[in-house]
Each structure stands twice: as structure tokens, then as C-alpha cells.
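Novice: Handing you a structure now.
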Amino acid sequence: MARLKRDITAKVLISYLILLILTVSVGWIIYSEINSFSRAQEGNNTENNIVFRIGGLLTLMYESESYARSAIQSNKEEPYISYLKKNDSINIGIDSLKASTLNEIQRSLLDSVKLLLEQKVTNIAELRQIRNDKASDIALDRAIQKFSNIEQTLGRLSLEDFVPNPANLDPEKRNLLLEQINIYNEYIPRDSSNTVDEKVLDSMVIASRGLLEKIRQETARRRLSAAVKENALLQNDLTTSQQLRQILSTLETELLENIRNANAQRQAVLNRSIRVLTWAAIIGILLVILFSLIILNDFFKNQQYRERLEKANQTTQSLLKGREQLISMVSHDLRTPLNTIQGYTELMTENTKSPREAYYAGKIKTASSYVTKLVDDLLDYTKLEADKVTIEPVPFDLGRVIEETAEGIKAIYKEKPITLNYKINETLPGQLISDPFRVKQILSNLLGNAYKFTDQGSISIETSYDEKNNRVTISVTDTGMGIPKEKQPLIFQEFTQAEDSHEKRFGGSGLGLFISWKLAQLLDGQLTLDSEKGKGSRFTLCLPARFGNLTAKMGDRADSAKVLTNKNVLIIDDDTLLLQMLEDWLVSKKAGVHRFTSASLALNKIAELDYDLIITDIQLPGMNGFRFLELLRSGQEYGYKDQPVIAVSGRKDLDPDKYLSNGFSAFLLKPYTPSHLLKVIAGIYSGKQPQVLKKPKREKKELHNALYRLDDLQTFLDHDMEAIRELLDNLLQTTENDLEKLDRMLEEEDYEGIADLAHRMKTMFRQIHATPIVAILEQAELQTASDPESMGVLLKGLRTAYLELKAGILKQH
């Protein structure tokens, strides 16, 4: 079973480890793919930015060409300056783009763009110069100047005669001035000084024609040259613009291709990640299913083993319980004949005169003593195994207990030549507080073994007190055969002896040391062994050193016994037998008694009574104990003067503190013993805090019968056998009447009445420890009207159990 559990744990750990490895691997792969995706995304963003900026450069370039055409066609400087500024912006953009490009080819392409832009600027400048060339105007100016000289020769006026720089005149003023000059020229008188003959005029006309022809020819030649150069420059500019656009388009195309490749790469990364995640999910699911099947298979096996183990455990528990019951029954059944045998053996020994008969009697006495010891050991063993042994610590004289025990054992083995030595520590601070009966039992086993396994020599008993460690030690040392080292670890096990031959030679069950060892633990001490084969053994009992005063304790008990003297006690219980028994006990303690079978009757009479204490049952007919106390404390007509009220109940479902919180002075759980009732009463009158005293845990005493036990009853009635017989007769008579009532209630289907009557009957049967009947009455008390057949079966079982109890009581009493 433990191995299977370890296997399941290992498989679960392995499955988690594999899933962890798978998760880490997939996480690492996905992380790598995400990094690749991020790098591709960063590159894509960079290239997108470059494409966007190239688009911006193309836009600027188109704007630049527009400005260039305007600069060529216009004589003004503003379009040309705007063109140059736009070119500067393009150059700045190209420099910025070069810093962001990815390779040298792209940088070289951008350098080519810059060179072409410079060439384009040069072309535009030359075109402007051609368009604005004034050579023809100069020739015409010369011709006009020639005519002006002729006019001056003929005595005509001109603008130069009136204005030094006619070219700088405003057009309107110029025109007005020309009209005025023309008027003056018409009225200038003709004389010899300003009159030219025809020959001179012909010569002048011919000269003028020649001059104008030259001017026309020169102008035509210049225009042809300018047109040729302009066409060349325009073609060069067009070529430059095409190259610029081609270079930028090539660069843009390359970057777009890179973007498409990056997008394809990112898509591939995403596809790989999806495939990895898909396969990881599939593998993870398969692993979970596989390990789930493996673990579930082991789990179901574990469940099967657990069920088998539980069945085996139940069987074992049943066997152990049967063994315990068998040992208890046989042991108790053996005690009576053994006592008889030992008694008659003593009589034979005292009255016989024949040595042979005395010999026979001695053998019988020895055998009966052995069987008695065996029975005692078996009883102690079963009690220890069932945790039914309790410790009752009281102050006692340790030296006296040791001496009494040692002398008793010595008397049994007086024929052996063994010296018994004492070394008792007389410096103990006071009486040792422990369980003297259990200490004596341990010493009896140790001394018995010492005498049994020592043929001659000595046995020493020594006590010591270790004040530093607060321990008292009792050691028993013998000079017997000793125990081998390899056998010493087994010596404190049940049904074990140091040598197998010892059982045949010395007898014994092998339980004595085991019982002593367990009892030492219950006393909060320990039992140890130090032995050497052939030289003897030393057993040491170590106990906690707690000291008290025996005289004071006995005085307290005496004071408790007198606490009821001359006290008047009011008792309420619906069980007349228990009421009678409690009254007899209180009277034996010299107390006055007022008894009632119901709380309402007590309330009706209580104002007329003189009482010092109230003892009331809780479950009473008509009015329960809680309501009784509530009315008693609240009504002035009852004359209540805060006398103590003790609650008594057999109910275990209520919290004991509930009784104290409702005003009760103390609480006792049924069944209880007189000593516990006396202890509660003494505690109340000594001024101690309110107390809750549950059913005492104690060692089971000797049974009077397998069906009942009368030790508590005997204590209540102070071992008055006549009173006990009378009480038992009343119990039998009352029970027969109650059984008839139960049958009638069953016919009338009065299940509430059955529950109340069962509760009242249960109290007295608990007091005599009639366990089978109490168990049936508890079931009848809880049974409901929904199952009348079960109630009929319970009542038939109750009658059968009662008849068995009645037979047992009549047989012994």
C-alpha cells in the first residue's frame, strides 16, 4: 500500500516534470520566434519610414520643377529664389535619408540624385541667363542712339536734352515728356543750321538701313544660338528630371520589395509559432490523457487496496474486540473458581496433618497463584491495549509502598537463598504524587522477575532524587542470570522472554515487563534496563518528582464527606428508582431530603420548604429543568435565595457550558457516582468556580454480570445489600409496567410518549450499566413515526434484553 502510494506520487511528479519541460521548450521556441518577428517588424518600420520619406522627396522634386519653370519664364527673382530653397530642402532630405538607408548601393544612388540636382540647378541658371539676355536690345539701342545723333544734327530735341537718364523715368511721365518734345519739334524754325540737303538724307537713310540690317542679322544669329543652347539645356533638364525620378523610383521599388519580403518573413514566423503551439497543445493533451489514465489506474488500485485494507482492518478490529471480550469474560469467570481453589487450599494447608496432602496443597496453591497472576496480566494487557487504564495521582509514602511490595514478594520466594537489600532515600521533600497502585504493580513485576531469575545472591532496591532534573528513580538490581545484549531490545515487547527456554523452566506469559513499561509511560516516566549475561540485571523506574502533603489531602476528603451534614437537599427526578437511591445516599450522609417527581410539583411546594441545595434532572415531564430554574429565579412567591442548583442529565448533545450560562451552579452527566456528586457539592460550598463534571474516565471494575454492573449502586447505597435487593426488585417491577405502557403506546401510535418513557427508563439502566438495554432505549428515544415497523422490532428486542437481565439479577440476588 505504501509502495503504491509512493508510485502514484512519483508518476504525478514525473508527469508534472514532463509538462514543465514541454512548456519551457515551447515557451523558448515562441520567444525566439517573437524576437524574429520583432526584428522583422522593426526593419519593416524602418523601410516604411524610408519609403514615406522618398515619397516626400518626390513631392518636393515635383514642386521644385514647378518653381524651375516659373523661374525660367519670369524675369523676377522670387520664383528662382523659391526654386533654390526647395532644392536646399531636397538636399537636406537626401542627407537625412542617407543616414537611415540600409546599404551602400542605396547611399550611392542618393549621391547620384544630389549630383543630378546640382546639374539641374546649373541648367536652370543658364536658361534664365539666355532668356534674359539683352544683346538684341543693345543693338537696337545703338541704332536708336545713331538716329538720336542724326536728330540732334537736324536740330530736333530729344529726352536726353531734358532728362539725364530717361530709362529711369516713370512710363507716364516719359510719355507726357515725349508728347511735349514732339510739340516743340514741330514748331522749331527751319534754318540753314538745321536743314540738310537730300544727299545727306539719302546717305543717312542708306546708313540707317545698313545699320538696321546688321542689327537684324546679329539678332537672328543670337536668337538661333540661344535657341540651340536653350533646347540643349531643356533636354538636359528633362533628362536630369527623368534620372532623378528613375533613381528615386528604383530606390522606392527596392524598399517596397524589402517590405514585402519582411511581411512574408513575419507571416512565416507566425505560421511556425501557430504550428508549434498546435503541436504543443496536442502533445500536452496526449500527455495529460496518458498520465491521467496511468494515475487513475493506480488510484483505482489504491481504492481497491484501501477497501481491502478497511475490510481487513474491520476484521482485525472485530477479532481484537472479540479477543478482548473473550479474555475479559474468561478472566472474570476464572477469578471466582480461582478464589475458591485458593481458599480451599488455605483450608487444606491449615487443617491437614499429612505431609503428602500438604505437598499436594502447596502444588495446588502454586498453580492457582500462577493462573491468578496470568489472569491479572491478561486483564491488564487488554486494558492497556484498549486505553482503559487511568492514572489517579495522590500523595503517598514511597518508602512504605516499596517496603510493603518487597516484603510481599519476598514471602512468596522465602525458600530461595536470596538477600533483599533496601536503600531508601529519606531526603525527599514530601509525599510523592503519583499512582501508588500502579507504582506497586510495576515494582511487583520487577521484583517477581528478579526473584524468578535469581537462584542465589542478592536483590537490591534503591531510590534516589535528582533535584536538578526533578526526577525520582527506583532501581531494582539482581545477581541473576542476566540478559544478552542482543535480546535486550525485545524484553519490553508483549509475549516475549529473553530466552525461549525460560518459558518452560520459569513459566510466565511474557507480559509482565510489557505491562510495567506501558504503566511507566502512563505515569509520565520511563523504565530502562542495564544487564550483562551471567552477572545480573538492573531495572530503573524514573518518575517525575511531584510532591504533596498526604495529611492535608486526607483532611480535604474528610471535609468533603461532612459537607452534606445537616443540609436539606431538594431533589427532582421523574425516575422513582433513581430518586429513591439518591435519597438513601443523601440520608446516609446525614442530609435532609425533599423529593419530587416533577418540576411543577416542586414549585408548588418549594415556598413552604427549607432547603440548602437543589439537584434536578433536566428532561422532566411537563416542565424541563431550564424552565424550572427560570421560574424559580424570577418569581418572588417561591422565596428563592440563590441556593445552588445542580443540573443532572443524560443528554450528550448539549454543550455543558449551556447549563452554567443558564444559571446552574454545576452540571453532572448521567450516570454518575456518589463520589463525583460529593465532589461537585464540595466544590460549590468551598467557593470554587461553577463546574461541569462529565462522566468520569476510569478503569473498568469487576463485572457482576455480563449484562449489568452494580458497583456504582453499591457505592450509592453504602454496600447495603438489603437496600440493593429492594431497589432491584422495584426496578424489575417498574420495568414490566413500563414495557406494558410501551406496547399500548405503540398500538396508539404515541411515539412522543414512547420517547419520553424510554428516556425515563434509560436513567436507571445506565446507573446499573445495563448497556444492551440502554442502547435499545436510546434508539427508541430517537425513533420517529415514519417507521412503525422498526419501533416494533426495537420494543421486542427491549423485552428480550430485559428478560435476560431479569434472569441474571434473580440468579445472583
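Each Cβ is built from the backbone N, Cα and C atoms, and glycine gets one as well.
Taken from TrEMBL, the feature transmembrane segment applies to 12-31, 276-296. TrEMBL lists 329-547 with the feature domain 'Histidine kinase'. Annotation comment: TrEMBL describes 568-685 as domain 'Response regulatory'. Among the features that TrEMBL reports, 4-aspartylphosphate is placed at Asp617. TrEMBL lists 720-813 with the feature domain 'HPt'. What TrEMBL lists as coiled coil is 725-752. The feature phosphohistidine is assigned by TrEMBL to His759.
Can you tell me where each of these features sits in the structure?
Specialist: For Asp617 (4-aspartylphosphate), the same-chain residues lying six or more positions away in sequence with a CB closer than 8 A to its CB are Ile572, Asp573, Asp574, Asp575, Gly625, Val648, Ser649, Thr763. Annotation note: Asp617 (4-aspartylphosphate) sits in a strand segment as assigned by DSSP.
Summed and averaged per residue, pLDDT over the coiled coil (725-752) gives 84.
The Cβ of His759 (phosphohistidine) lies under 8 Å from the Cβ of Gln619, Gly650, Leu777, Glu781, each on the same chain and at least six residues away in sequence.
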Novice: Summarise the domain 'HPt' (720-813) by DSSP state, stating how many residues are helix, strand and coil.
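Specialist: Result for the domain 'HPt' (720-813), in helix, strand, coil order: 81 helix, 0 strand, 13 coil.
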